[in-house]
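Read through the structure below, which is laid out as structure tokens, and then see the notes.
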Amino acid sequence: REDLWVREGKILNPEKLFFDEKGSADVQLDCKGSIIAPGFIDVQINGGFGVDFSLATDDFKSGIDLVSQKILSHGVTSFCPTLVTSPPSVYHQVLPQISVRNGGAHGAGILGAHLEGPFISREKKGAHPEHCLRTFEAGAFQDLLNTYGSLDCVRIVTLAPEMKRSSEVIRELTKRGVCVSLGHSVANLSQAEEAVQHGATFITHLFNAMLPFHHRDPGIVGLLTSDKIPAGRRVFYGMISDGIHTNPAALRIAHRAHPKGLVLVTDAIAGMGLAPGRHTLGQQVVEIDGLNTYIAGTKTLSGSVATMDTCVRHFQEATGCSIETALEAASLHPAQLLGIEQNKGTLNYDSDADFLMLNDKLYVQATYIAGQEIWRQDASGM
Amino acid sequence: MKLIILETYSQASEWAAKYIRNRIVQFGPGPGRFFTLGLPTGLPRVHPESYHSFMWNNFFKHIDISPENVHILDGNAPDLQAECDAFEEKIKAAGGIELFVGGIGPDGHIAFNEPGSSLVSRTRVKTLAMDTILANARFFDGDLSKVPTMALTVGVGTVMDAREVMILITGAHKAFALYKAIEEGVNHMWTVSAFQQHPNTVFVCDEDATLELKVKTVKYFKGLMLVHNKLVEPLYSMKETGAERSQSKKPYSD
């Protein structure tokens, strides 16, 4: 049991306040024994509440604002709006409308876009539209830049490392501070390891849209226990723990093999937060039935309608891990992946005061950004 | 003196806490003050083993004391002797110490008044004895070279000026020091023995700390527990009226 001290939007060291400044609290809030945790960070979310980040609509900006507002109730205080494989025109229209910004009363903070595709494998496209897939064989990085238009506010790019000239692209992206993630790929382990050596640090939704683990060639999954990772680096991997994308046993295997790399993501789509039915995911139509989200008329999974707090609870139940571990997978690890753990993802002194109050069952009761209460669960359970 | 013997460490702690609580309530604090004493020098304020950290984590953060009422000797002050002198002035200005609470070392020292300290000493810088350094090594991962060798401390004379003194002694390793302190004479090699000459002392200990005492001594004081317990029952509260509070219970004189 401890007190949390906040001043000017940052977590404060009370000892310094007490002894050096002879100060004490101006406002005291009784948290009634709730769990206080760093705010969740979702690095893969395609939309929600009817908003699709891969659709270049006229009111795109208000769409992103709506989602950033609504996900506060799921405990998400920072996120990376994700775009699935789309034609270049979509990127050119949408990306300039996404800006990196701090969270606040208007909603969760935006850390930058996550571009999942179009430089991915045909065989593992999953829900991505085939006609938009591309390669960068001809012009490597320049091709990529032409496709996206600008990398100004791009934080993560998912690509398939077996593609020709991927090493050059990965190196260039890494040099520019963009996090490279491997996914939607048929790479074998050595191709994946090479990609990591060139700078890749993330795996997009482990197990999904990649070759299954094989004992003589573990593929991308083998990165979890690879001995070819450069010293001092850690490979992180996203997991959609909604109970559908991965069997809990597989989730447990990954967690036990490499617990410190696990990053919970929602991969939520526009239909998240709405009634079951038909919604879009970029160029595709998706049917939602309960928690299952398939490309209309198929059994191909496409995103999820899970919320981040559901993922945290499911993860904790399935693995039996401690509450701290479950919470870290949604806060500390994504912050470490993006290299922002000095400011986000922890309750360390001097970091940004983005935190949550949860009850013992890990349901979010209140969300705070920069020390201000932005959302509170009211009695009616809204 | 009053020698209060409880069976276990937690019972001794609880008795002492209740006593202190009753004394505080009786004292009727207004702009009440709080002084804290011994502090090793040379440790940066934020070091987890500094007295500041220790006092913050174990005491201050759990109570609503206002920071201006906390006075800890600053081991990093530029002029240590001036720091000590100022401390003595602050005590005087506050009207003197009402109740001094302390423990003893295995070598019988009170605060950091090591064996050989003058029994009329005041707040000053002391070099620590090897015994004390060994005893504190556990806070520094057992690395003797990391333990500070000097400390600022209130003097024996400073403590003797307090109107009441309470010493907490628990554990078998303190038993010999307790014996020397109360069954032998006043001796500057066991500086706690100075309190034999103080009009108002309470020693609170557990069974283990009495292992070196005469059975006669232990039986005598255990027999007095009925009377001594009247000091902690009833437990006063700040909410009671002034009249009830200021009744000072003195079941017998020392």
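Backbone N, Cα and C atoms are what each Cβ position is placed from, and that goes for glycine too.
Site annotation (TrEMBL, ligand Zn(2+)) includes A:E116, A:H184; from A:H92, A:H131, A:H198, A:H205, the additional listed residue is A:H205. In terms of Cα distance, the recorded positions that sit within 10 Å of A:N208 (substrate binding site) are A:H184, chosen from A:E116, A:H184, A:D267.
Figure note: comparing Cβ neighbours within 10 Å for the binding-site residues A:A209, A:L301, the maximum is reached by A:A209. The full span of the recorded substrate binding residues, A:A127, A:N208, A:A209, A:R216, A:H245, A:L301, A:S302, A:G303, taken as their largest Cα to Cα distance, is 30 Å.
For A:A127 (substrate binding site), the Cβ neighbour count at a 10 Å cut-off comes to 23, with all displayed protein chains included. Spatially close to A:D267 (active site, proton donor/acceptor) yet at least six residues away along the chain are A:Q44, A:I45, A:N46, A:T82, A:H205, A:G238, A:I240, A:H245, A:G303, A:S304, A:A306, judged by Cβ distances under 8 angstroms. Counting only residues at least six positions away in the same chain, the Cβ atoms of A:Q44, A:T82, A:L83, A:V84, A:T85, A:H128, A:T158, A:G183, A:H184, A:T204 sit under 8 Å from the Cβ of A:E116 (Zn(2+) binding site).
Considering only the binding-site residues A:N208, A:S302, the Cβ with the fewest other Cβ atoms within 10 Å is that of A:N208. Summary of the Zn(2+) site environment: with the site residues A:E116, A:H184, A:H205 set aside, the chain residues having Cβ atoms within 8 Å of the Cβ mean position are A:Q44, A:G117, A:I120, A:G126, A:H128, A:T158, A:S181, A:G183, A:T204, A:N208, A:A209, A:D267.
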